Amino acid sequence: MYRNILRKLKRQINTILKIYIFIKKHEHHLRKLFVIFQVIISIVLLSLSVTTNDHDHLFDSWYYFASHLILSLFGIFVFFKKSTNSKLLYLYVILLSGLLITASFSFFWYSGELNIIENTCISDQCNHDRAYYRKKTYKIIALIVVEGVALHPNLSWLIQVLKKERKLKQLNTINNTNDTAIRSPSLNNISGNNNNNINNNNINNSNNNINNTSYNNDYFNNHNIINNNKNNIYNNNNKINSELQPPSILNKNSKPIE
């Protein structure tokens, strides 16, 4: 029992995956087919609204279906000629989503009117109104299905185009930075030479400072040695002179040498 259920689930999952893979492979062609189908449905609904003279509601009149036809023709132009233009795709998706919102609003409007008639009116006099609002709801349901089916692949394609444009912008910025770096090697050499000259000047200045400090230290040391030698010579001369002078001159109270 459980094995049969699991087998059925596997088969269903496999079929869903096959359909998904098929849609992904032929996504661009299916998108074009959806747009063509949208044009056909809008022409049919427009012709029905014109023949039946539906002028009772803004969202279910002939000019609403005419605007839908114009938008579907614009979608054919976009997908067959400008399929990589993100701005036109963005405009088409916004307009199509606006029509989908108005169609859903009109569906709730007419379905509400139909429920009111079915719940309040029991006599045969309301059969005409009942049939009228039923036709309206069926047309709006068909339009909502077509617009919803057409909106999803268009939105996914718009997202893909925007991602590709972002990647291209990033690659262009990287290439521009690389080109500027390649085209201006002289600036790099000049900056490198300036840095080398600055470093060499700093090294030379430091060496000169070291040499100057060592020279000054040697000079002061030699000068001190010379002064010390002069002082020693002066002291020795004083001693010699004091020994050579007579005692009377040295000291008046000193006795003469016998």
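The backbone N, Cα and C atoms fix where each Cβ goes, and this holds for glycine too.
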For the feature region 'Disordered' as recorded in Swiss-Prot, pick the matching range from 171-192, 237-258.
237-258
Are the transmembrane segment (88-108) and the transmembrane segment (33-53) close enough to be called in contact, which here means at least 3 C-beta pairs under 8 A that are separated by 6 or more residues?
no
